[in-house]
Structure formats: C-alpha cells, structure tokens
C-alpha cells in the first residue's frame, strides 16, 4: 500500500524561528520514516522576513500555500526593529491574519513538567513531586479582546473613558467547550472550566453552556472554578488538573502563569485549531512554540528547539491523526532530557550542553 503523503506549510519567520523550525522538521522526518508515511514541507515567508522581502507580513504566496496545506508549522515573528511600523505591517499582523483566515478559535497549551527538570520549577518539590501534566484550552477569537463596543471616548464634561466589552454567544462557548471535553476524553477524563460567573453575565452564560455540553460527555468529570481561584490552585495543586477550559482573557493569563511551572518556555508548544479542515477531514492546525523570536540569540545555534519539536508532535496528533508518531516524538524528547542532554537555557551542572541542531538530531535519533 502506498505511503500517505501530508503537506506541511513551514513558516519559519524571524529571529530563532528558522533554527528551531529546522529542528522540528528534522524530527518530524524521522517520525515519518519510522511510522511509514511521508511529509512534504514547503517553506514560505511570514512576519518581519516577509515584510523585508516583499513589504507585507503575510504575502499572497504564503496565504495560498497555507490554504493548500494539511497543517501549518510556525516559528516566530517580531523584533525590536519592526516596532515603529504601522500595525498592519508589523510582523505580528501576519500571525493574526492566519488566525482570522482559518477561524482558529481554540488555543491548546500543554503544561508538562519533565521529571529531570523539576529543580528548574519555581514551585517546591512537595507541590510538584507528583507530576504536572495538564493542558489549557483557551478560546481565541472572542471575548473582551474582540467585543464591541470598544474604544476611548471623551465625555461632554471632558472625562476620558475607555471601554472594552466581554461578549460570548452560546454557540461560541459550546464549540470551545466541546473541544475541551473531547480532549479530556482522550486524556484522564477531567475538565476544569474557569469563569467569573459570580460577577460577570458572560461568565454565568459560560458556566451554563459548559454544563449543557457536559451532558454529551457523561464519562468526563467536570469542575468549575472562578478565575482568581483557578490562578491560585494552579500554584497549590497543579498535579490535580487535566484539561482547563477558559475564555480568551482568562486563558491568556492562566496559560502564561502555568508556563512558568515547567522551568523553561523553551519547552512549551502550542496549537491553534478551528473549523477549517484539511484533505483528511482533520483540523488544519497552526503550530507555534510560545517562546518568541529571541533576536538576541538568533543565528548562534543556542536556541532550544524542543518547543518547536513538541509542536511537531501536536501537529502529528491533531492535524494528521498520527497518535503513534506523536507519542514517539514526545517520548524521544523525554529520553534526551532523562539522559542529561540540555540546551543552554536548561543546563545544570553535570549535564551535556548541545546546540540547536545537535539537540534536534539527538531527539530524531531516539524516535522509534
């Protein structure tokens, strides 16, 4: 039987983006070889690199390639030298254009503390000793960041007033809740929903709709937490969480807080999924390490590629349906850390420091 071939649009972007993306491609090709399928990568400009070359952060050629692709592997965009540009020409505008084009309404942020790195976590061992492994499912295209009315106005008496509006429909809540429950069903079957229903009407609706969707998933245990309490419980009992479901605003805060539990943002991937489907009927996902472009170390072979590599594992799982290969990549990352291999950002005495390319090769060699 012929090997299936998957088409991946690769958008390295700026700063360390090209280096870490190359590392991810190395590992993904190793996974494809080990598990009997083919990956075809096509590289296109985005962000500052695209602006420098053609004057726009999201060229038509890149857009068309993303339309054709089964998934999008992204590096990073941005840098200080672009900060003076008009917003629609800044590198980040390319990222937002992609989210809007494919209605990427769900952002997935795995929070996993690898046992060899527990000393790098700011939390005490008695709190994290039992392990930390949960995922935050954040609604990405609604809520207070996009609600109307919004703006700054001057009242008749000269007072200036800033207005933002938290708006969610039941349909918007239901679709992100359903994705959260589906992910929980494939994990440890526990979902924690976060809201401020005690003081916000949007929060009351959020909780009501989550409970309605929960009836479709009787095998998943549901817990509701107020957002301020959720922030505290992440620090008190992080090992108790499995899937945490949150609105755009609360998910933004909580995912950054939770990221610090893991010891390094160089290890943290993310996936954005939505309604768009690829040729295989699976989400045309967008996969991005959270660490940013880090222009101060770009081109020095010092960047940690593990977040980008773990983005590759998420791509295999969510957009290609290759759970076997995804687990193999994740196990290979765990293996290199267990063996004491490190990049500069996570090194400690007694470990071997590898550059970006060497770390990627080390992971690829352990994919089987």
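Every residue, even glycine, has its Cβ placed from backbone N, Cα and C.
Residues or ranges marked as NAD(+) binding site by Swiss-Prot on the basis of sequence analysis: 79-92, 292-304. The Cβ of residue 298 (NAD(+) binding site) lies under 8 Å from the Cβ of 14, 15, 16, 19, each of which sits 6+ residues away along the same chain. For the recorded site, residue 298 (NAD(+) binding site), the DSSP three-state label reads coil.
The substrate binding site feature in Swiss-Prot is assigned to 99, 109, 138, 228. DSSP assigns residue 138 (substrate binding site) to a strand segment in the three-state reduction.
For the recorded site, residue 145 (site 'Important for catalysis'), the DSSP three-state label reads helix. Neighbour density for residue 145 (site 'Important for catalysis'): within 10 A of its CB lie 14 other CB atoms from the protein chains shown. The site 'Important for catalysis' annotation in Swiss-Prot covers 145 (among others) and is backed by sequence analysis.
Classification of residue 196 (site 'Important for catalysis') by DSSP places it in coil, neither helical nor stranded. Residues or ranges marked as site 'Important for catalysis' by Swiss-Prot on the basis of sequence analysis: 196 (among others).
Per Swiss-Prot, Mg(2+) binding site is recorded for 228, 252, 256. Around the Cβ of residue 252 (Mg(2+) binding site), 18 further Cβ atoms fall within 10 Å across all displayed protein chains.
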Cα separation, residue 91 (NAD(+) binding site) to residue 99 (substrate binding site) (Å, whole number): 14
Rounded inter-Cα distance in Å - residue 109 (substrate binding site), residue 83 (NAD(+) binding site): 27
Only counting partners 6 or more residues apart, tell me which same-chain residues put their Cβ under 8 Å from the Cβ of residue 196 (site 'Important for catalysis'). 203, 226, 227, 228, 250
Let me know the largest Cα to Cα distance in Å among the substrate-binding residues 99, 109, 138, 228, as an integer. 28
What count of other C-beta atoms do you get within 10 angstroms of the C-beta of residue 228 (substrate binding site), across all chains shown? 13
